[in-house]
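Per TrEMBL, the features are as follows:
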type    : residues               : note
SIGNAL  : 1-20                   : signal peptide
BINDING : Cys139, Cys142, His143 : heme c binding site
Amino acid sequence: MRRTITLTGTLLLGAGVALAQNPQEQVDKTQLAMKSNLTSAIALSDIAKDKKPYDQAAVDKALAELDDVAKRFPSLFPESIKGLKPTKGEYYASPKVWTERADFEAHSATFVKAVDQAKAKIKDANSLKAEFPELNKVCVGCHEKFRVKG
Ligand code: HEC
């Protein structure tokens, strides 16, 4: 557990956490956090697909990164960025993030729980293979409603 805490500390810089000065900057920072989710998910899925051997340190790092983003999710989508699109990138947030806020926050809370569950259950390659699809479902579940292809 101690390792997770240090890792999260260093991650905060990488994912661009601090709230941005202006809305467009926030949109781009939010997108960096989304890309961090992708990097973490790939690290886990590579092991799940036997492309890489099981590596507890890599798993802990990916889960710590997901945890960091999951906990900050609602704050990554402040009202000020409604309707804005990232400077670069394939996807942007649907207006539903703001018009159906309670549901968006419920999906965010589900994500936090799914990461907690993954942290508790993933101990080896078999448990990772069992748990990864559950986590992935939470990503897809939110994207179906709240992410739009640009
Ligand atoms: C609570 C909702 C929610 C959850 C859960 C969620 N996402 Fe997203 N995701 C979004 C929204 C909204 C966007 C669009 C905003 C953007 O791209 O900046 C997005 C965008 C993305 C993008 C596109 C970034 C780009 O380049 O435009 C990727 C990749 C991504 N998410 C991966 C993931 C992965 C992997 C997970 C699960 C581990 C996940 N997301 C979980 C809401 C969610």
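Placement of Cβ uses the backbone N, Cα and C atoms for every residue, glycine included.
Automated prediction, rather than curation, is the source of TrEMBL annotations.
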For Cys142 (heme c binding site): intrachain residues, at least 6 apart, with Cβ closer than 8 Å: Phe104, His107, Ser108, Thr110, Phe111
DSSP three-state assignment for Cys139 (heme c binding site): helix
His143 (heme c binding site) CB neighbourhood, other CB atoms within 10 A: 15
For Cys139 (heme c binding site), nearby residues of its own chain (Cβ under 8 Å, 6 or more apart in sequence): Asn37, Ala41, Phe111
Env. residues of heme c site, Cβ within 8 Å of mean position of Cys139, Cys142, His143 Cβ: His107, Val138, Val140, Gly141, Glu144, Phe146, Arg147
